[in-house]
């Protein structure tokens with residue numbers, strides 16, 4: 001299984017100089033042990049039955065396990081476990097191509113894997129298929145971010161603990177692995193952070209106008225863009241919205257967000273989506289519900305390739321695809337946009353309109369006001385510039 005942020009690499013491609021540890025030792029020789037295939041087969045099943053609580057719970061006596069399970073399952077998002085499973089599958093595929101042992105994996109093997117992710121990226125050379133059995137189109141390789149690489153390492157450690165074997169981070173030679181990770185962190189910290197473009201008011205209006213037609217897909221996509229920007233929603237929040245969570249108000253819509261990235265305990269928060277003549281989120285929302293005949297359940301649903309409505313919510317990847325398609329149709333470079341562009345667009349536009357920073361944070365539900373201030377700084381670089389009048 002390959003996650004969205006992984007990309008294919010040619011068979012046999014390695015990480016070059018990144019394959020060496022800090023002490024100059026190369027990764028273990030790919031000596032192809034006779035039982036390696038059996039080891040790989042066993043490694044693939046390590047996380048099959050893992051549950052979210054396994055991410056952090058120690059071994060408990062049977063009498064204690066049942067009592068805490070009901071709370072433990074809510075303590076960590078299931079999405080984290082799913083990411084770990086995908087990361088572990090990827091590591092096994094990498095080891096299989098090089099005939100390295102994935103379980104237990106040596107610090108040198110893991111260091112070589114992580115350094116390749118940092119320099120060239122990796123995806124299995126073997127054909128990849130979707131859950132429905134369709135062949136995935138190959139993608140160009142790209143190196144990964146520091147946070148993604150750190151998650152890959154966390155997944156490898158977790159899989160070892162689930163298999164009750166010593167993880168590479170505590171084996172002899174773990175200090176060298178730590179040095180490699182430190183080098184990756186410093187290297188990534190020095191790289192320029194590339195931000196996706198924000199879909200501000202004018203941009204989003206162009207995108208909405210580019211979606212013509214009166215079919216289901218056109219109505220859904222217009223509603224998705226308008227509501228997504230108006231509520232400064234994360235992609236995960238957008239796809240989780242149900243009809244029961246939305247209330248029509250005189251000034252717009254109130255969307256009750258049950259849980260989100262900064263509300264892991266599910267206390268919930270009402271998000272006010274203000275109506276207005278530029279984006280008309282209320283009109284697009286109501287038109288979508290009427291034409292789709294949706295009265296309950298998920299608001300933003302998957303459509304079949306033929307345009308037929310399903311009862312399943314869209315995926316977060318689907319949101320990004322809608323944003324990119326609308327951007328391209330409006331004449332903007334699709335690669336400059338992502339699902340986050342809607343959320344970033346609201347904050348960018350609010351900063352441009354001199355909105356109160358604390359009100360912006362309240363609406364966007366950011367954990368830190370510093371993160372909101374970053375969007376304001378982006379819009380104010382040329383406002384009252386020190387060089388004005390002298391350049």
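A Cβ is built for glycine as well, from the same backbone N, Cα and C atoms used for every other residue.
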When TrEMBL marks a stretch as region 'Disordered', which of 124-143, 144-163, 164-183 is it?
124-143
Between 1-35, 36-70, I'd like to know which one TrEMBL lists as region 'Disordered'.
1-35
In the compositional bias 'Basic residues' (131-143), how many residues does DSSP assign to helix, to strand and to coil?
0 helix, 1 strand, 12 coil
Across the domain 'Core-binding (CB)' (62-164), what does the mean pLDDT come to, as a whole number?
81
